[in-house]
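To start, the structure itself, in structure tokens.
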Amino acid sequence: MRDYDEVTAFLGEWGPFQRLIFFLLSASIIPNGFNGMSVVFLTPTPEHRCRVPDTANLSSAWRNHSIPLRLQDGREVPHSCRRYRLAAIANFSALGLEPGRDLDLEQLEQESCLDGWEFSQDIYLSTIVTEWNLVCEDDWKAPLTVSLFFVGVLVGSFISGQLSDRDWRMLLLALTVPGVLCAALWWFIPESPRWLISQGRFEEAEVIIRRAAKINGIVAPSTIFDSSELQDLSSKKQQSHSILDLLQTRNIRMVTVMSIILWMTISVGYFGLSLDTPNLHGDVYVNCFLSAVVEVPAYVLAWLLLQHLPRRYSMATALFLGGSVLLFVQLVPPDLYYLATVLVMVGKFGVTAAFSMVYVYTAELYPTVVRNMGVGVSSTASRLGSILSPYFVYLGAYDRFLPYILMGSLTILTAILTLFLPESFGTPLPDTIDQMLRVKGIKYRQTPSHTRMLKDGEESSKVLKSTAL
């Protein structure tokens, strides 16, 4: 039976039909970016301090000194989660004692923020943190909300929130509604002819191929699939495939495990750096703008690399770049915070380029019969990485550089792992599990089916030689 690429060669590689499908699929991804990164503005924690009620009988001096100071980044700032015991300083105020002169403030008893917090509105008027006081003992709930958001992405659920005339809810609603428009793409994006052929649905595949030829302005041959091919297919019962086929052979099992690790760690780096943007020095909106803008050249570079260079080395280089600069952030002096921001953006550039290439690379590694399942399992691993990423950012509360050290180390380890994957650049897409390229550094025994495949002709020999490179 002829190869799919041979059957459809008359269509050309990049005609109007292919461009139409490409741009429609690209458009359907745009709302995902809105919702995925909305948490950057939904969950920030503004500067805050314990509230001192107006009803408290305090002099102006005691009210100004009701919050203890703590050392942060080499300077003293008001404590975010503690205040001096209100009953005690009210008594001192009534006695006419002055803070700092008559009493040593460091010796005074402290208490938690029993009356809530006052949040700065210099940057954010309202976030879920300010509305529900997700600070101090409850600060772990803010990254939990982000993780739960990505859990929702994982299971594909859509939960409608309250339609209310408020600060952050309207933002979430405005970002979510455009995604509904993507439902119209159902009538414009056809099924994959290659997949239909793998399932024995030749008639449906031929209809789509002829439609593609018409859009491309090409006259399709009178016979796309000859009768012998159809008879050969009808005489055989089509083999069904399940997710367990991703573990069927040693080779595909290794590809699956390595793909899961690859997608998970890249996702941790990508979403971790994106969510950490508000914690960078400088204006949060400028930083978020830069974080988004840096993705544009990353996608362009990824496209060029995919067009002209091997997959393994392209991805490994991008990951090495992203991981190494993140490790250097901790070495930047505090007064050169702009340099630290530049390094973080370079790290985001490398991780984004790798993230965009991994979609193509993974699809090329898996055969047609289980390609959707392989990419789906890998994407699920990516969702697990995004669920973990808020807690990488959360570790910055204990050590500002710890998230960068962890993400940089994971990214570099992933780059090394990538070098062991098969190289798919310039090789035909595999249609069966036996045709898959081999993972590097592992010895394999030839199965009878693989031995038969080697006798099928020159094309099989070429594929085998490309695998050994």
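Just so you know, glycine gets a Cβ as well, placed from its N, Cα and C.
Features of the protein shown, as given by TrEMBL:
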| type | residues | note |
| --- | --- | --- |
| TRANSMEM | 20-42 | transmembrane segment |
| TRANSMEM | 144-164 | transmembrane segment |
| TRANSMEM | 170-189 | transmembrane segment |
| TRANSMEM | 252-272 | transmembrane segment |
| TRANSMEM | 284-306 | transmembrane segment |
| TRANSMEM | 313-331 | transmembrane segment |
| TRANSMEM | 337-361 | transmembrane segment |
| TRANSMEM | 373-395 | transmembrane segment |
| TRANSMEM | 401-421 | transmembrane segment |
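Between the transmembrane segment (401-421) and the transmembrane segment (337-361), three or more CB pairs separated by 6 or more residues in sequence fall under 8 Å, so the two stretches touch.
Comparison of 20-42, 252-272, 313-331, 337-361, 373-395 by number of C-beta pairs under 8 angstroms to the transmembrane segment (284-306) places 337-361 first. Stretch with the largest number of CB pairs closer than 8 A to the transmembrane segment (313-331), among 20-42, 252-272, 337-361, 373-395: 337-361.
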